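Novice: Quick one: structure below, then a few questions.
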Amino acid sequence: MASRGVNKVILVGNLGQDPEVRYMPNGGAVANITLATSESWRDKATGEMKEQTEWHRVVLFGKLAEVASEYLRKGSQVYIEGQLRTRKWTDQSGQDRYTTEVVVNVGGTMQMLGGRQGGGAPAGGNIGGGQPQGGWGQPQQPQGGNQFSGGAQSRPQQSAPAAPSNEPPMDFDDDIPF
């Protein structure tokens, strides 16, 4: 089976400004946000703490764009899953320009994190094709967070019933000999 590659971006960061929303001729919403992610480390030579911030352009489409425009504000913390896209455009002087963005389409996810800052969505709102939570390799969803996925219809979360175990419960009250 031939591999086509993987193009997936996961970001957790804070908005640098309020979302910019516009509408396409077909009525679909498009929201542009800038997301800051920061990394901290201690400089081995000086012992001083250093920090580097990266700014990411993120484009949300459809219902996700509408949700972002209504609930996200400058400083909001958000979890994003999308794809990298580079697009070409021509500036006013006729020069070709390129920009790389994280595009969040139907298969992507936007989840608001943190508390309700100045009135956010009610806790537990879930729109679209959210995936079951938990398991290895999947992001842990904070309690009370609001997850919005790009699916067109709302699906209830389904959890698998716990498999019965034949093992006795673990007893942690034993004395440890060391």
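Every residue, even glycine, has its Cβ placed from backbone N, Cα and C.
Taken from Swiss-Prot, the feature DNA-binding region applies to 55-61, supported by sequence analysis. Here Swiss-Prot flags 115-137 as compositional bias 'Gly residues'. The feature compositional bias 'Low complexity' is assigned by Swiss-Prot to 138-165. Under the heading domain 'SSB', Swiss-Prot lists 6-111. The region 'Disordered' feature in Swiss-Prot is assigned to 113-178. Annotation source Swiss-Prot lists motif 'Important for interaction with partner proteins' at 173-178.
I'd like to know what surrounds each of these features in this structure.
Specialist: Cβ atoms under 8 Å from those of the DNA-binding region (55-61) belong to residues 11, 13, 16, 19, 28-37, 68, 80, 82, 85, 99-106, 108, 110, 150 of the same chain, restricted to positions at least 6 beyond its ends.
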Novice: Could you please provide the mean pLDDT value for the DNA-binding region (55-61)?
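Specialist: Summarising the DNA-binding region (55-61) by its mean pLDDT gives 97.
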